[in-house]
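Asks: One structure is given below, represented as structure tokens, and several questions about it will come after.
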Amino acid sequence: MIETDILIIGAGPTGLFAVFEAGLLQLKCHLIDALGQPGGQCSEIYPKKPIYDIPGFPEILAGELVDNLMEQIKAFEPGFTLGERAETIKKLEDGTFIVTTNKGTRHHAPVVAIAGGLGSFEPRKPLLEDLQKYEDNGVAYLIRDPEVYRDKKVVISGGGDSALDWSIYLADIASQVTLVHRRNEFRGALDSVEKVRSLKEQGKIDLITPAEVIGLQGEKVLESLVIAKSNGHENIVLKADAYIPLFGLSPKLGPIADWGLEIEKNAIKVNNALDYQTNIPGIYAIGDVNTYPGKLKLILCGFHEATLMCQSAYQRIHPDKKYVMKYTTVGGVQGFDGTKKEAPKAVVKAIE
Amino acid sequence: MSDIKIKITDREGVVHEVDAPTDMNMNLMEVVRSYELAPEGTIGICGGMAMCASCQCYVNSDHKLPDLSDDEDAMLAEAFNVKDNSRLGCQIHMTEDLDGLEVELAPES
């Protein structure tokens, strides 16, 4: 069981900044995120896009913003449960919560802050007949253990970075890798595209473009795929042990919707007059996942919400303690790792 | 500048005739959201960067639209339910010559 003061669901910019504000109050945080890396949408969808409305940054790439936030919170030693989705929540008699992920990891905290953005990212599944029947019987949307594909015939679909990168990676493991894409062009990083081109020339990757997988065949497990070439050729039937469609991820609110929280327009209603608490005391919602009159889904608004949430969380965790907010220019930043950042002392010296 | 009229068929098949301003730097995806013709969180997920295809629509009138950008083309190559007349709503900016435009929202995926 992972123990922490504030359990943050969602490791996007809002969730990450909450770690900083909590740290100033000497509260420890742990974050859960369905993605394999922190940063949320900023890392997953648009790391290379510039953002122009972060106060104090005339221009910053989304990926850089995430790197900066990770640096800013480093001293507060946040814990991470990545690649797992928060599934269930249970309120104990003492008012604290246990949140369990889809892989069974349990987290215990007096305060839960949902910073889940538009939801957890789920793989987008192609529209194929009997797709479900072959899931875990040859069809997979995520590659957890590449060794599963050793000496197997693997077909990958998609035209982005993950399709390219996994084709490259599996070229050395699988007996055959076939990459199927609807266009001749790929939109991944240039060097990945080049690498695939050279592996194709070496005969290590078969490229079928422009084409699309239109059917799955096999008695109980996947045995072959039907592939349609777009320029009027006859369909190809290709023997395959595994099919990995990589068409990106789309966010779904998911299990959080069943936690008894008041939901409106796919977002969680909160008290914006006070502390961004939900209808369940002790559960807060901050950033894009919440809604209230006048809500704007902006990173900068998420930062503000995270800050007020932490003040309220402090009072909930320490109801008897007196506290006044301290400026970082005055109090500095005292990390849990023993580091201390503070303003240099002014030199007082007479001029004679 | 004035408003233009646009016919939007939502994902349930209901036709809405709406006024879209041409002086607000709005795109079709934003028009759909402003009239709440698709639930929040199911359209415009990436905010309008041609990076998610949640605003895919079919253009059913023969208006002259701007050419597909490389980004939009690449995104549509990975979207589902794509047809010859598929476009991303976020890449269609509201201009006066689009008066009378008829579009249909593609299914959510």
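Going from the start of the chain as shown, residues are counted 1 onward.
Each Cβ is built from the backbone N, Cα and C atoms, and glycine gets one as well.
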Asks: In TrEMBL, A:THR14, A:GLN41, A:TYR46, A:ALA86, A:PHE121, A:ASP288, A:THR329 are given as binding FAD, so which of A:ASP33, A:ASP94, A:ASP130 is in that site too?
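Replies: Among the candidates, TrEMBL records only A:ASP33 at this FAD site.
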Asks: What whole-number value in Å do you get for the largest C-alpha pair distance within A:THR14, A:ASP33, A:GLN41, A:TYR46, A:ALA86, A:PHE121, A:ASP288, A:THR329, the residues recorded as binding FAD?
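Replies: Of all Cα pairs among the recorded FAD binders, the widest measures 38 Å.
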Asks: Using the structure shown, find which entry in A:TYR46, A:PHE121 (the binding-site residues) has the sparsest Cβ neighbourhood within 10 Å.
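Replies: Among the binding-site residues A:TYR46, A:PHE121, the lowest count of other Cβ atoms within 10 Å belongs to A:TYR46.
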Asks: List those binding-site residues among A:THR14, A:ASP33, A:TYR46, A:ALA86, A:THR329 whose Cβ lies under 8 Å from any Cβ of chain B, in sequence order, or write 'none' if there are none.
Replies: A:TYR46
Asks: For A:ASP33 (FAD binding site), list the number of other Cβ atoms lying within 10 Å of its Cβ atom.
Replies: 29
Asks: Among all chains shown, work out which of the binding-site residues A:THR14, A:THR329 has the most CB atoms within 10 A of its CB.
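Replies: The most densely surrounded of these binding-site residues is A:THR14.
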Asks: Which of the three DSSP states, helix, strand or coil, fits A:TYR46 (FAD binding site)?
Replies: coil
Asks: How many other Cβ atoms are found within 10 Å of the Cβ atom of A:GLN41 (FAD binding site), counting all protein chains shown?
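Replies: There are 25 of them.
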